[in-house]
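Participant: What follows is a single structure, and I will ask about it in a moment.
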Amino acid sequence: MLLYNTGPGSRSDFVGLELMNGKLRLMLEKGDGVMELLGNQVVSDGNWHTVSVQFNPTLIEVSVDGSSNSLKLPQGGNRYLDLSDTTYLGGLELNKRARAMNQGLKAAGSSFKGCLRKMEVDGRRVGIPDAKVTQGIVPNCIWEFPCLGDPCVAGAKCIQQGVDSFQCECDQPLCVKADYTDTYKVFSKPTLAVDLEILSLTPLQVVEGGNCLITTSNVDVVLDYPKYGLRDSGLLFHSVAAPQHGKLMVATWEHAGGSSRQTFTLLDLAKDKVRYLHDGSENHEDSMIFELELVTGPSFVLPGYLQGRHRFALHVNVTPVNDPPVLNFPPGATLRLAQGTRKVLPKELLQAEDPDSSGLALVYTVLSQGVAEPGHVERLHSPGLPIRSFSQQDVDQGQVAYAHSAGAVDNGRLALQISDGIETSAPVFLRIVAFPLQLRLVNNTGLMITRGAGARVTPAYLGFESNADDPELDVRYDVVKTPQFGVVQRLRGDSQWQNVDHFTSRHLARDQVRYLHVSGEPQHDEFKFRVSVLDVHSPTIYSFRVTFTKLGLVKRHIHELQLNGTREGWLTDQHLLFQTEPLATDTTHIVYRVVRAPHYGALHAKHRRLQVGDVFTQQDLDSSKVRYRLHRKAYSHVRDDFKFSVSAPECEPLAESIALLHVPSGETRSEVQATLERLQVPEGGRQSLLPTYLHLETRGITELVYNVTHGPHHGRLDVMDVGLLTELRKNTQYFSSRELMTERVFYIHDDSESRRDSFHFIALSSEEEDFQYVGVFHVDVLLKNDNMPVRAIDKVFHVMTGGEKLLTGRDLLYTDADVDTRPSDIVYTRRGIQNGGIYKALDPSTPLYEFSQDDLNSRRVLFRHEGEEYGKVGLWITDGQFYANGELEVRASPPFVSVANNTGLLVKEGSVVPITSTNLSVDTNLNMWGEKLSYELLEGPSHGHLEIEHEDGPLQHFTQLDLEEGHLSYHHDGDSSATDMFQFRATAGQTSTDGKVNVKVYPAIYWEILLVGSNRTLHVEESTSIIITPASVQVL
């Protein structure tokens, strides 16, 4: 019984709330008959549940964890509930039980066994101080529910026993998990009405590698066994499964000479003869499985529920201890390196073994040997500075190197000792062998450039490598013979090039060396050089060859051709001029090819009309032999253009276009009465193009044909027959003035969410009447609400267990295809929450039952988790006219932060690229966002750096807000390496995660735009073939 109140009299009103089979049952009587409402959720599962009960003369309702179940009461009858001023919680006094049972309450005879907290009546908190009488209650909850820890094996049923114990029932010999680490009890076989306790088990506590006694405090026989005729020696424990990480030792077994009989008695336990010995491994848990057998004297017979064997598991908790580190070199271990160089100490060679310590805690010490040593240990980024200690983590990260001293002995040894801060290993010695340093040619391809130009020399063209494992080793190049027609230069600073007689491999890697042609017109040039590294000089003289190659085509200018009141004009070199560099090419060899002809006129050269694929030259332009002529006399502004490709011998062709503009005179414009009014069409509808919207009138013109040069984007034009019953031309590209006058031309909207549309046309008369007019006809679309809200973001909402988090548009987003629908028009109504509640963000005590998409986008909605880890929120979504059903999945978990988006970066060599939230973002179940989510730069990029807008100095931290607002950027330093990266740590509160952003670097040529040079339609006869040439299709 949970709640009961009844009024005075024998047939009075009452209300009662009780637990039946773990579910709530609410009953109410107001004089018109008893009404009953059953809950559909089990609450007797050991978890806290939020229960709300509402009752009045018209409605009864029970809500469990936000899930409601209600019942409307019949209309008419009594309108009031006559109840007393005394309400019983958790049980009834004796004189009330019979009456409650007669009223239909089945649990009236038993009190509630469990805990109640945070009780409210009509919104007012009540508790023990408000009670008139209390009986059998305590202030704190003393109940524990071990079944929530899942102590039973798969398939077993966990049953609460008393206040804090449990029993597992299954059809297996052992029902409790072997790795269950808390105290538990073993019960008799299930033949009694009440289960009989036999054993109480407490886990063993042993240190790593140690041993301990198994006593009666670990295996406590709570059964009153003497009354069954049992002695201590009659309680036999059979070992069924030995421990995996230790050994069970019994003194009687040793005395029996290693007998295979794995049994001991309660008497052995009492006399400290049973012991557990741990094997010293790093496993901190172990267990043993036993069976208890009860053996009586000859004059006693055990009851059936005690007969047979009772299986149980005894758990062992192992306390770890520190193990000393061990460093063993493989047989014949030797560190080989070139003389005078250094080599990173490989982790495959220096790998200490210590299961207790991390790599950072394991510290190596370099021991002095009292004799001259061939070198020293140093950090990779601090060359020449000897160190006497370093960690295993430094070795694993490749940060420690051994440097051989120039001129020192070739062979020696390195003495090391390693410590974990507590224990220290014995000294070990690593043999050092130094071999002669040598150089090897890798690349010497030479350069290909145009005359008068320069080109950088990179490792792809010239490079040597040594036999040393030292990436910092710098090879020197000494120029012994300078080039005849050019100079070798090195970049100093940002932009100053200076002639040099030597350079290094580091200069080559940084693109700081170039060859510059300064004189003559040679086909080839070269310079000679020697190479050296440290004290090693190569006797060979090498040659680096420079080959001169073809010219380049350059656009000088393209200017628009304008016709002011005339029908034709001449294209000259003032409008269109291309030349070659570094040497000029004869203008007759610079050829222009027409890729797309003009729309409203035609090109003419040398007394013929130019079609697609025809050519003219720069010489024709210089001599004013190319002209543009309109098809008809134009009475309007005409904007036209044509596309072309230009080529020259030994040059790559270029694709371009030139604009053509006709401006009519004022007199010509006044000769035409043009009607161009905006047409209004409902969304998805159709409308006739009446003469009141489109009409051209001038003297001497009998009929016009309107050719559609650019059709509408969001609809089409149809021409109907005379009866307006069938489509004469669907999606037509032309219509006549006669069809306009008879109202047979229709614009049909495609039902898209577009506010405006238009189409371009040219109105042409016959050649004799000589008239053309170019215009744009505009359409206004009257939008309507014809789309229902659609979910745009569908993902699980993550929140910290028992915590709260803002619910935003990044978690829940519905959109409406109607362009005039605002986020505030999309309204959500919640229908039930299984594991929490939704509240106002500015007033977390006020629940929200209705909110808009604008509330989500503006961070005005707060979700608070309560109850189960996983649940769903039912939603009803509307835009004011259409409705949709939805749900939000909610999952609670411990705090986490994870990388949600990491696309990497693509950057042009030497340029800058922004880093936004589309490239990098994190997700967390904490109530944190924007600047509260911080990033720490663990390892910066090697070939560039990161910058935050308006901030100076080295960048070490940035936030999610910097990414969202586009303030962070990556600056490439122009290095020729194809890749780069930086590592970061993202932090939300006390939780963090590490990640890496990869950067791909592409040279400038990769970013050049591809252009279509030619794309001509092919005409081929049936069953024949044709050759496809660059004149037909070509991409530049």
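Keep in mind that glycine also has a Cβ here, set from the backbone N, Cα and C atoms.
Got these off TrEMBL a minute ago, pasting:
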type   : residues : note
DOMAIN : 1-141    : domain 'Laminin G'
REPEAT : 195-293  : repeat 'CSPG'
REPEAT : 324-419  : repeat 'CSPG'
REPEAT : 438-532  : repeat 'CSPG'
REPEAT : 552-647  : repeat 'CSPG'
REPEAT : 670-764  : repeat 'CSPG'
REPEAT : 788-880  : repeat 'CSPG'
REPEAT : 896-987  : repeat 'CSPG'
Participant: List the helix, strand and coil residue totals of the repeat 'CSPG' (438-532) as derived from DSSP.
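Facilitator: Per DSSP, the residues of the repeat 'CSPG' (438-532) fall into 5 helix, 51 strand, 39 coil.
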Participant: Give, as a single whole number between 0 and 100, the mean pLDDT over the repeat 'CSPG' (670-764).
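Facilitator: Here the mean pLDDT over the repeat 'CSPG' (670-764) amounts to 93.
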Participant: What is the three-state DSSP composition of the repeat 'CSPG' (552-647), stated as helix, strand and coil residue counts?
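Facilitator: Breakdown, helix to coil: 8 helix, 54 strand, 34 coil.
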Participant: Between the repeat 'CSPG' (324-419) and the repeat 'CSPG' (896-987), are there three or more CB pairs that fall under 8 A, provided the residues in each pair are separated by 6 or more in sequence?
Facilitator: no
Participant: Counting Cβ pairs under 8 Å to the repeat 'CSPG' (788-880), which of 438-532, 552-647, 670-764 comes out on top?
Facilitator: 670-764
